[in-house]
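Enquirer: Grabbed the feature section from TrEMBL, which reads as follows:
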- 42-471: domain 'Amino acid transporter transmembrane' (DOMAIN)
- 45-68: transmembrane segment (TRANSMEM)
- 74-98: transmembrane segment (TRANSMEM)
- 119-146: transmembrane segment (TRANSMEM)
- 196-220: transmembrane segment (TRANSMEM)
- 291-310: transmembrane segment (TRANSMEM)
- 330-351: transmembrane segment (TRANSMEM)
- 388-408: transmembrane segment (TRANSMEM)
- 414-433: transmembrane segment (TRANSMEM)
- 445-474: transmembrane segment (TRANSMEM)
Amino acid sequence: MAPAPHNGLNNNHPVAPMDVSVEAGNAGAAEWLDDDGRPRRSGTFWTASAHIITAVIGSGVLSLAWAIAQLGWVAGPAAMLLFAFVTYYTAALLAECYRTGHPETGKRNYTYMDAVRSNLGGVKVVFCGVIQYANLVGVAIGYTIASAISMKAVRRAGCFHAHGHADPCKSSSTPYMVLFGGVQILFSQIPDFDQIWWLSIVAAVMSFTYSSIGLSLGIAQTVSNGGFKGSLTGISIGAGVTSTQKIWHTLQAFGDIAFAYSFSNILIEIQDTIKAPPPSESKVMQKATRLSVATTTVFYMLCGCMGYAAFGDNAPDNLLTGFGFYEPFWLLDVANVAIVVHLVGAYQVFCQPIFAFVERRAAAAWPDSAFVSRELRVGPFSLSVFRLTWRSAFVCVTTVVAMLLPFFGDVVGLLGAVSFWPLTVYFPVEMYIKQLRVPRGSTKWICLQTLSVSCLLVSVAAAAGSIADVIAALKVYKPFSG
């Protein structure tokens, strides 16, 4: 990510970072610059793991019980394990592409698009950029909606406790979206990934908190039921479920699981925070990915399976906001507050690549503009007129779209299905083949291409299921109806 002119460095170093080269013999500068002339990165295995867990374990973990209900006890857990393996394997391939050439001394790629440009080039760079940034914008809107749903659930839990479950306890989510947007305007003034490591750690802790509560409530409900509910094949056709609905919901469940594991679109940006070798950034990133995906999978399996065991075919689409549970209401409040805090951090993790992309372009176009370059550092915040204006505008637009389209979570599911194959599988596979010069027609080449084609078919099927859900939502759509 492009360095700011006053990037929080000691004022005893008046020279702009990019004006100094280690090779030029600036020994003092070498102590505070990396091999690319940028301020030394300080990220570690633990901070990278926190970023990944924050990005991967979203509130979507609470919808996995619904996904397993569509697939059943056999296909549900199998699908989660399969997506976990594919995500880890392709992330390991992508981590090898952070540097072009040598894994320790090659040219750094600061973003996912930079890696695609260095290894593949041409129209594939444009295709990557469109898919990546559309997905990130969709995630920002979806997280705004999700946070409002959790905040509204806190109010409804108290209302149900006071007035009984028969009371509809209706309220609008619009004020909560405005509140979430205001918080994001504040945190968006943190300049880049290096400065939000603490926010990612807090968010990761929150994700474990609400996942654990959902898991505990699922176990308690299962014990109360006297056994596991559900079936080997999931929801049965009949009793209000047609064969067509069964197909669409099954495909949508694959899309939900695929989207739940997706973080490749910000992997390179996270890797760019890791301090210089030894060991190489790719080894640290692969280790962090292994821990994060394993941790995520354990939580996903436990929460999804215990939620399905507790409610069977009636599993709600969100264990904590869909009111599968009503009591203890205070514990539900704690869980939903944890979801909101987590989404505050996750929103920033996913939006940082968008912020950095626009700000790099602006810095290149107007290098001498004080509007763009002049900054004031206040703790972790870096304030400039341009950053304040552009990032605030972005948050406002995503907030307004979230209020206008309260069912946009379905569209985010579609974006997740569409982006899973190109960002998580296709580009990592193609870049790895190019980077390591895997011979065309070799066994490894054939296996990698088979993986890519298989995941393409899954993405297309999941997208079809999501499109059907969006069409169903449009039939009852009312603007600002949240």
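Including glycine, each Cβ sits where the backbone N, Cα and C put it.
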Enquirer: To the transmembrane segment (74-98), which of 45-68, 119-146, 291-310, 445-474 is linked by the most Cβ pairs under 8 Å?
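Expert: So the stretch in question is 291-310.
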Enquirer: Honestly, do the transmembrane segment (414-433) and the transmembrane segment (119-146) touch, with at least three Cβ pairs under 8 Å and pairs 6 or more apart in sequence?
Expert: yes
Enquirer: Within the same chain, where does the transmembrane segment (445-474) have neighbours whose Cβ lies under 8 angstroms from its own Cβ atoms, ignoring anything closer than 6 residues to its ends? I mean 6 or more beyond.
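Expert: Cβ under 8 Å, 6 or more out: 86, 89-90, 247-255, 258, 407, 410-411, 413-414, 416-418, 420-421, 424-426, 429-430, 432-433, 438-439.
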Enquirer: May I ask which of the stretches 119-146, 196-220, 291-310 has the most CB pairs under 8 A with the transmembrane segment (388-408)?
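Expert: Comparing 119-146, 196-220, 291-310: 119-146 has the most Cβ pairs near the transmembrane segment (388-408).
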Enquirer: Give residue numbers and ranges for long-range contacts of the transmembrane segment (119-146): same chain, 6 or more residues beyond its ends, CB-CB under 8 A.
Expert: 58-59, 97, 100, 112-113, 173, 177, 180-181, 184, 265-266, 339, 343, 346-347, 350-351, 353-354, 357, 394, 398-399, 401-402, 405-406, 408-409, 411-412, 415-416, 418-419, 422-423, 427, 430-431, 434-435, 482
Enquirer: Going along the chain, which residues at least six beyond the ends of the transmembrane segment (196-220) come within the CB cut-off of under 8 Å?
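Expert: Long-range Cβ neighbours of the transmembrane segment (196-220): 43, 47, 50-51, 53-54, 57-59, 61-62, 65, 187, 190, 273, 299, 302-303, 306-307, 309-310, 319-320, 324-325, 331-332, 334-336, 338-339, 341-346, 348-349, 352, 380.
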